[in-house]
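Below: the structure, in structure tokens.
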Ligand SMILES: O=P(O)(O)OC[C@@H](O)[C@H]1O[C@@H](OP(=O)(O)O)[C@@H](O)[C@@H](O)[C@@H]1O
Ligand SMILES: [Mg+2]
Ligand SMILES: [Zn+2]
């Protein structure tokens, strides 16, 4: 299957150092909704793996997170596309969970959901932890320059990282 996995904040929607704490703060990056819709219409399964430590930190309830993901699904559906499995890590950095990136637990959960092999699968992110999670399971690290991407790039990225300006450019490369 044609499986593509996306980080959320900084890839699909704008990110903020103050976290994305409400539906109103969840604003798609221009071109990202269209990119996901075009990819899914071209036969790609587009899954999402996102750290959401704001839940553990008490910044927003699970209900708000679910509302953001419902909005994402709604916007992509309006463009005739579909969003696949969305996995999130609600834990804080000190909880020692297996799902918080750079650990690959969420990528493994998505692979399990689709009974898919992760080797070579593109995982598109904006942070170093995204790239490291990809490498941990033999997936292809892909960096976009949106969100924290420029900052991540300036600090150096793994040698085989693919680099694109944004999610729309990733979609153009795949379709
Ligand atoms: O990029 P994804 O994984 O979709 O989500 C990242 C968010 O959960 C937040 O992750 C936080 O990192 P800490 O969780 O505080 O280390 C910060 O980087 C915030 O700016 C960011 O909004
Ligand atoms: Mg991100
Ligand atoms: Zn977790």
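Backbone N, Cα and C define each Cβ position, glycine as well.
Take the Mg(2+) site that TrEMBL assigns to 7, 9: the candidate from 98, 117, 126 listed for it is 126. Spatially, by CA atoms, the recorded positions 7, 9, 50, 126 include one closest to residue 99 (Zn(2+) binding site), and that is 50. For residue 9 (active site, proton donor), the nearest neighbour among the recorded positions 89, 91, 100, 101, 126, judged by Cα separation, is 126. Same-chain residues at least 6 positions away in sequence with a Cβ under 8 Å from that of residue 101 (site 'Stabilizes the phosphoryl group') are, in sequence order, 7, 49, 51, 89, 125, 127, 129, 130, 132, 133. Of all the recorded positions listed (91, 100), 91 has the fewest other CB atoms within 10 A of its CB.
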